[in-house]
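First up is the structure itself, then whatever we jot down about it.
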Amino acid sequence: DLLPEVLFKLATLYEEKLKDYKKAIFYYTDLLNRFPKDKYADEATYHIGLCYIKLGEIEEAISTFETLLKNYTSSELYDDALDKVEMLKRFQITDQTNHTTSIAELIGDILTNKPRNEIILKLADLYNLILKDYSNALKYYDLALSEGNFDAQTQYLIKYKKANCAYNLFIENKIKSDSAISVIQSFLNFKPQIDPPKTDTAVFYLYKTLTHGLSQDSKRKIAEDFKSKYPESKFYGIFVIDILNFHFANGNWNEVIKIATDNLNKLNQNQISGVLFKRAYGYYKIGEKQKSLSDIAFLLQRYSPSPYDARALDLKAQIYRELKSYAEAINVLREIEQNLFYTDIAKDVKLKIADIYFESGDYLKAIDEYKRYISTDKVIEFEREPEVIFKIATAYQKLGDLSSAKRYYKLYLSTPKPAPGIKLEAMLPHTGEVYYALGNIYKTEGINEKAVYYFEKVGKFNATLGKRTMLESADLLFEEEKYDEALKRYTEALKNAENDTDRITIQSKIIICYFRMNDIDRANKSINSFKQTFLKFDIKNYLAEFQIEFGGYYFRNKDFTNAKKVFDDVIKNYPDSRFSHLAHYWLAKIDEYNGNISSATKTLLELNKKPLDRETKLRVNLSLGNIYFKLEKYDSATIYYRFVVESAEKPQILQSAMNNLLACYEELGYYELVIELARKYIEKFPNAEDITDKRIKIGVMYEMLGNYDLALTHFQKLLEEADKDLEAELHYYIGEVLYYKGEYEQAILEFLKVPYLVTKKTKIDWTANAFYMAGQSYEKMKKYEQAINMYQQIIDRPGIDPIFKAGAQKEIERVRSILKQ
């Protein structure tokens, strides 16, 4: 809801720009009344207090700040509000009755000729205690003392009041610290010290004046001195806390724990919560997490509500998170969100909860919380949003929802460009990772061209990942058979290779690229160089692979004699190895190419019984499937294609096997299996060029199964998303389904839309088929003249294949013979 923010901004406008403090109070109060649990609650209360100060309504201001201290104990404004109350009580006149009464008493003393020193003292008290004019008060206290005739107790009291005035003037920046210290020290040096509490207060004044504006280290030294000199002071806790704060700020955690432990029982109730929290934090930092949790529990049970509740709960949640007690951590954060909604810590609660779900692997809940964080915080800091979007994208990728992952990764990259002088990497630190993730997603989807595009952007933003992606880009281009481009990337990757193992692998790929590019001379030169460079290493397998590539070179150039010689040598030199298996595979391919199908099949079947490596096994099974498919032995082909579909990961071989298996199932009439496999294909290759064909095939299979209503719904849904080129085909199929349902009139309407929607020539002549089926529909309705008219349209229309025209003529003759009967 944006209304709380609107009310707050409106109130701020009246307060800061228009100086209309009453209107500002009205809108701040309206915000508090309507949205008592809004994040602006403490801030609105604080600003109401400020407005009352501007209006001179001091008692209302004090009351408002005290409300903040009571209701919003953990607010970041707590200390400011406490200071405001103290300063207002110290410097502002609040009781006009006392003001008038004191002046009247003073006039009475003058009229009754009271002693001059007493009148001056009373005037000083009026300035000090009633008018809060400490400068004049100090002047008249000095004048009173100069008049003399005061006993020691009165002199002691006057000097104390002077110390009080000097301290107040120092706070107001009306006198320098040296002057204030001189007055305070004068009181402390006075003998005898009659009233210990007043002496103690003066010690506090001296300490605050001495430490004002000093560094933490300088303040610590003075605090240690005062702690030693005044161990019984009621302000002892302040000295301890300043020492503690120094060690806390400097990460001296063992010292923090020691100081807190040694002095905990010497502190007042208001100080214990802060010291307990700092000890808990110290325990956390040295790895004593259970002791930290124990201190936090003690703080929350005994001293809550306190200004440290939010920080204590936040630390508790962090410890639970590190202990992998994720449910407990989330419960603690929900407590902050519910009860301490007004704190700055609460602003990040949704994000922390989302991060915990992400860290625990509950990505669905993480996504929900990240989206909730973005949607509910309308004024989310701009620099945080890309980080959240990155995490949403990563979560989707972890869930396998690659489509959503891509959308959010691209949203991350689409963040507006930074202002001049700000680097994109500073604003979007995950840019390299995002490009890498997108590359991997497209690689998974088999869209290697896009994968390479994103991989090649990685290096600019992440040097470490860039080295890896250079090699991955090369491998993808190699798979795509773009060997010249792969060669360039491998050459670049070779420069960045960090060890001999990588250098051997990359150099071998470069050699294979030369073979695949039919650059046999450079391949042979590179092999000689490879042997010399890596002479000390075991490179036998690489040399065998080069021999296989040599045979492949002859095979591609249809030099089967030399190819067979090379493969026979491999079998002889590397028996019962991956390379001998590959050589047998290629010998079978030579037989298949030469028409020796029986020999090829026998070799492949024998090879398939051996313990083959994964890639060779897939090749053998795909080849067996292809042979049986060509022989129209679809049951046998299905066995081998299914193995490839269930085992392959690389898109190229998997896509080929799935397409062929679909064709087998269709030929065998396994229409339900066609539907199931087509859906898997669509899921696996959502960006494949033939994806629309697969969607249509599902509808056709419903039709073949006689599920006409399901087929109709399926085609109509496709029609909603179809482009112009596809409309004609879908209307044809809708018409065909209606025809089989016996709804001939509706079928005719669909068929007759087709000729007007065809935009280009396709493999199937949809126009001829549509007129033919329209004619068939008319025949079913015994409207033979209209049927003849439809068949005549096939004959008359230009561009239709003569075979269709001849068929249409036969249909006309057949219908006319029916009419004669």
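Keep in mind that glycine also has a Cβ here, set from the backbone N, Cα and C atoms.
Whatever TrEMBL says is automated annotation, not expert-curated.
Quick look at what TrEMBL annotates:
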REPEAT    42-75  repeat 'TPR'
REPEAT    432-465  repeat 'TPR'
REPEAT    467-500  repeat 'TPR'
COILED    480-507  coiled coil
REPEAT    544-577  repeat 'TPR'
REPEAT    692-725  repeat 'TPR'
REPEAT    768-801  repeat 'TPR'
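Summarised as a single figure, the pLDDT of the repeat 'TPR' (544-577) averages 95. In the repeat 'TPR' (544-577), the DSSP tally of helix, strand and coil residues is 27 helix, 0 strand, 7 coil. Sequence-remote contacts of a segment are chain residues at least 6 beyond its ends whose Cβ falls under 8 Å from one of its Cβ atoms, and for the repeat 'TPR' (692-725) they are 662, 666, 669, 671-672, 674-675, 678-679, 681-682, 731, 733-734, 736-738, 740-741, 757, 759-760. Look at the repeat 'TPR' (467-500): DSSP puts its residues at 28 helix, 0 strand, 6 coil.
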